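Engineer: Let me give you the structure first, and then I'll get to my questions.
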């Protein structure tokens, strides 16, 4: 009852014709599937990062509204100073350019930059997209020029976004046939372009306009709507809480009333099971063994309890006489 063909479509990175061994074709299929997933991830990531930057600006502006004029000017001055400080950094080499790869050649591989050879570089760092994996790892030499986790003005979320955008750029520049793989031939052709030999400097995120004022306004309106919805839900939950508390109080009152009724019934049963009491609360009938000494003569022999009316006591039997 299982549609095996539909099931196998979920695993397009597998070579279903060869289920026993892992071959170069399997690796190519796996790389293509992973790169396809990466493209979808990149698209979502761009949107999320844009929202992140707009939220930062929104919160900054909202904070400024809470300050008086003097403090607001100081805060704005500090913001501009940090922004300028972050932008004051050495030149960032264009990702995938000769200067950037030579820096990897020198810093990561420990080789003479004057002896840089693209073909050797490619073979040294692996084949296909492995080259880009290793090269992207070494974007850190460029990123460290701009970002330092010790600096207040440097955002590490932006640094990671910068790294990923560098990787995207290199892939788009070199993978000419868009098969999500990079061959040695494609790489060598890329090294012959002007962009490889004399590229423009890389434009970092702080040099780009990531969103417009209209986009920010729309984003803030969306946040305001969400806040209103959350406020309404909070009010509804508060009303539900109050109603539940009211019902709880009613149940508690009913519980107390029932407990009081049960207590009264138990007291009534207890009173009905006891001997009647006198006007002062004393018992009219003395319990056995508690008679006063002066009452002993009034009690008939042979018993401690009074005889009922009309009862004739039997004569006492003398033990000193023989039985007839």
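A Cβ is built for glycine as well, from the same backbone N, Cα and C atoms used for every other residue.
Reproduced below are the annotations present in TrEMBL:
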| type | residues | note |
| --- | --- | --- |
| COMPBIAS | 64-83 | compositional bias 'Basic and acidic residues' |
| REGION | 64-98 | region 'Disordered' |
| COMPBIAS | 84-95 | compositional bias 'Basic residues' |
| DOMAIN | 162-197 | domain 'EF-hand' |
| REGION | 222-324 | region 'Disordered' |
| COMPBIAS | 228-249 | compositional bias 'Basic and acidic residues' |
| COMPBIAS | 250-264 | compositional bias 'Low complexity' |
| COMPBIAS | 295-305 | compositional bias 'Low complexity' |
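Each of the listed features needs to be described in terms of its position in the shown structure.
Structural biologist: Distant neighbours of the compositional bias 'Basic and acidic residues' (64-83): 152-153, 206; these residues of the same chain sit at least 6 beyond its ends, with a Cβ under 8 Å from one of its Cβ atoms.
Across the compositional bias 'Basic residues' (84-95), DSSP assigns 4 helix, 0 strand, 8 coil.
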Engineer: Any idea what the model's mean pLDDT is for the domain 'EF-hand' (162-197)?
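Structural biologist: Per the prediction, mean pLDDT sits at 86 for the domain 'EF-hand' (162-197).
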